[in-house]
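For reference, the structure discussed in these notes is given below.
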Number of protein chains: 2
Amino acid sequence: MEAADIRFMQMAMQQAREAETLGEIPIGAVIVCQSLVIAKAHNQTEMLHDVTAHAEMLALTAAANFLGSKYLKDCDLYVTVEPCPMCAGALYWAQLRKVVYAAPDHKRGFSVLNKALMHPKTQVIGGVMEQEAKMLMTDFFRKKRKN
Amino acid sequence: MEAADIRFMQMAMQQAREAETLGEIPIGAVIVCQSLVIAKAHNQTEMLHDVTAHAEMLALTAAANFLGSKYLKDCDLYVTVEPCPMCAGALYWAQLRKVVYAAPDHKRGFSVLNKALMHPKTQVIGGVMEQEAKMLMTDFFRKKRKN
């Protein structure tokens, strides 16, 4: 695990915390290109009433807008929870260099269905700041159930 | 195959033709709720420089905006080519009632990777107006290769 991975994951975690304060499922993502953060996003499915508004999808669109290119071959994505099949499918098309996630998703994580959902050229790393991301999710759903 | 399926698929095909005139991969989609077309879209990945701008994704977002609901349980999607894993993943989250596609995609169709990418409650029908959709795609890529 590299120091840069932790630094960028902390930024994704900050995005997740912002989602939480807005009542969104606390998942955040950042996209990095040549050590520069070019996109930050958090889950917005509730506010936008849109199942496609996952942090990764919004970050992908923002990064593509920034670069003016739909392929993100030199980019790395940091996300606080393992991408779902939709997001893995989007990351496949964008052909990212690296995808780093914190907490695994044993229910709807892409790797549960098929690891080949991610592009073969994309390096995938799980478990960076796993505990923090897990705790954010667990606390969120515990509070939800109480309400 | 019902008459309504053909009627709605013809609308999706019209969207695909519009995509073609704009230099986009000719794939179109419509979403129908209680016999009413509530969203029409075609692939816009080139114009938007965005791999997530598939016809299905744009139609999902438009339909959710129209209904003010992220779940589309009473809705049917008609699309001219079999959805990719990203789109199947999105359709899973939206929990559509029915997905009807025209041409199969033997390379990146969701069913090649895992049929469970689609929601178990979603009825999936392939092959409605298959030849027309195939011809649109074949012609498009043949012209592309000539240029």
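Every residue gets a Cβ built from N, Cα and C, even glycine.
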Of the candidates B:His54, B:His106, the one that TrEMBL places in the Zn(2+) site of B:Cys84, B:Cys87: B:His54
Sparsest-packed among the binding-site residues, when each Cβ's other Cβ atoms within 10 Å are tallied, from B:Cys84, B:Cys87: B:Cys84
Members of the recorded positions set B:Glu56, B:Cys84, B:Cys87 whose C-beta sits under 8 angstroms from chain A: B:Cys84, B:Cys87
B:Glu56 (active site, proton donor) and B:Cys84 (Zn(2+) binding site), distance between Cα atoms, whole Å: 10
